[in-house]
Amino acid sequence: MANYFNSLNLRQQLAQLSQCRFMDRSEFENGCDYIKGWNIVILGCGAQGLNQGLNMRDSGLNISYALRAEAIAEKRASWKKATDNGFTVGTFEELIPQADLVLNLTPDKQHSNVVNTVMPLMKQGATLSYSHGFNIVEEGMQVRPDITVIMVAPKCPGTEVREEYKRGFGVPTLIAVHPENDPRGDGLEIAKAYASATGGDRAGVLHSSFIAEVKSDLMGEQTILCGMLQTSAILGYEKMVADGVEPGYAAKLIQQGLETITEALKQGGITNMMDRLSNPAKIKAFDMAEELKGILAPLFEKHMDDIISGEFSRTMMADWANDDANLLRWRAETNETAFENAPSSNEHIDEQTYFDKGIFLVAMIKAGVELAFDTMVDAGIIEESAYYESLHETPLIANTIARKRLYEMNVVISDTAEYGCYLFNHAAVPLLRDYVKSMSAEYLGGGLKDSSNAVDNVRLIEVNQAIRNTAVEFIGEELRGYMKDMKRISAAQ
């Protein structure tokens, strides 16, 4: 199989990279009616597979799970989760031939094997859905021409997909139709109905392309979503301990601080996150972020270049073929870092303290979000896609670190995200180590010694304007506004 993106000419590549629009609520007035009465079979019963299935069943759809015969015979976790929740479970051979819609919610690395296994079993004119387009775009999977190929990708972990649905809402969702596989021209209608059944239309749906989703998703997860957070944790912990901060306190300040700081980011963007700092701390965080961007910009550009060219996918798939030798070694090395093995602390840390003593963390998040967003847009990815794959998802990943540090993050994210995270981290740590070592203890762990909030007014105005007047802040305010409006509409219905 050849890389699908690289098989297109430049005009086709740019057209698909730039495909993304926020869909109007009126486009979902028929809900999931288009696929009611269909036999819908889910492959995979992990967090996304189970929780999407629960939502779709509650929306009135007919859901069953196809598992490998050995998983059923041995009553593995996937079988237990599906049966405990009252779903019909069968083998591929039993369920796939009757399926109108097959949802491939297995891990990325398994997609080629899974699709090649189920495709001969699928009936004429059936539909195959992905939640991530890597198999189509990077591996170049060619699906039978009579099969419609769509993508429905909730931009949140599976557990949140379920919890938001139970609250009467949903999570932002990206949908797409593979242009090579839309034989009846109804792929978009199927994707819309599927997204509605999971609750996605209540939070906002982006109509995108397989290519835009893959290239932006890979870039976001490698850089700001995982790589920058891991780099911040490893270097930040080293710095604080070297400065004499008690190890348990240092680990907690980072582990819980990343989540607390990014919650402010989630609610009101970079502007709100920076506004949580005192005036002197805000100016310092702004200056640090600019310095960090200067150091890291070439690394962000290299990751984007390797993602666009397919070089990243080529090297990762070579590691797949080598039984994940690099991935497993890097995972083990990460688990041996000082931050991962730091003692826990029961010391209470006030919410504001995470900002006051975490100026460096704020600067890293600001620099990472802006670099990831701007680098994606410069590569031809539309702003809406770039926002959802940078700022929007950062708090979700920080939440995993808050639970069980970097181990939890790397367990929850996809195999492609974990591999890319390690690549970025291995380059970023040496780039930033001297910078972090040389910075004042006031910026991480200590807090500013001067309690005065006094600053030069002209400089503060300049900094505030620079923070607010960026493309990621403009599009973020617009998209968060859409989500709030839709939540109000959902609550009123």
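Keep in mind that glycine also has a Cβ here, set from the backbone N, Cα and C atoms.
Just so it is clear, the model here is predicted, and its values are computed rather than measured.
The secondary structure of His132 (active site), as reduced to three states from DSSP, is coil rather than helix or strand. Annotation source Swiss-Prot lists active site at His132.
Other Cβ atoms within 10 Å of the Cβ of Ala47 (NADP(+) binding site), summed over all protein chains shown, number 17. According to DSSP, Ala47 (NADP(+) binding site) is assigned to a helical segment. Per Swiss-Prot, the feature NADP(+) binding site maps to Cys45, Gly46, Ala47, Gln48, Arg68, Arg76, Ser78, Asp108, Lys109, Gln110, Gly158; the stated evidence is sequence analysis.
Per Swiss-Prot, the feature Mg(2+) 1 binding site maps to Asp217, Glu221. Asp217 (Mg(2+) 1 binding site) falls within a helical segment according to DSSP.
Residues or ranges marked as Mg(2+) 2 binding site in Swiss-Prot (evidence: sequence analysis): Asp217, Glu389, Glu393. Counting Cβ atoms from all protein chains shown, Glu389 (Mg(2+) 2 binding site) has 28 others lying within 10 Å of its own Cβ. In this structure, Glu389 (Mg(2+) 2 binding site) is part of a helix by DSSP.
The substrate binding site feature in Swiss-Prot is assigned to Ser414. Around Ser414 (substrate binding site), the same-chain residues six or more apart in sequence whose CB sits under 8 Å from its CB are Pro107, Asp108, His132, Glu221, listed in sequence order.
Here Swiss-Prot flags 17-208 as domain 'KARI N-terminal Rossmann', drawing on sequence analysis.
Per-residue confidence over the domain 'KARI C-terminal knotted 1' (209-344) averages 97 (mean pLDDT, predicted model). The domain 'KARI C-terminal knotted 1' annotation in Swiss-Prot covers 209-344.
What Swiss-Prot records for 345-486 is domain 'KARI C-terminal knotted 2', and it gives sequence analysis as the kind of evidence. The domain 'KARI C-terminal knotted 2' (345-486): residue composition by secondary structure is 110 helix, 0 strand, 32 coil, according to DSSP.
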Taking the centre of the Cβ atoms of Asp217, Glu389, Glu393 as the Mg(2+) 2 site, the remaining residues of that chain with Cβ inside 8 Å are Lys155, Ser216, Met219, Gly220, Glu221, Leu225, Tyr388, Ser390, His392
Summed over the domain 'KARI C-terminal knotted 1' (209-344), the DSSP helix, strand and coil counts are 115 helix, 0 strand, 21 coil
Expressed in Å to no decimal places, the gap between the Cα atoms of Glu393 (Mg(2+) 2 binding site) and Asp217 (Mg(2+) 1 binding site) is 10
Cα-Cα, Cys45 (NADP(+) binding site) versus Asp217 (Mg(2+) 1 binding site), nearest Å, comes out at 22
Least crowded of the binding-site residues Asp217, Glu393, counting other Cβ atoms within 10 Å of each Cβ, is Glu393
Rounded Cα distance, in Å, between Ala47 (NADP(+) binding site) and Asp217 (Mg(2+) 1 binding site) is 19
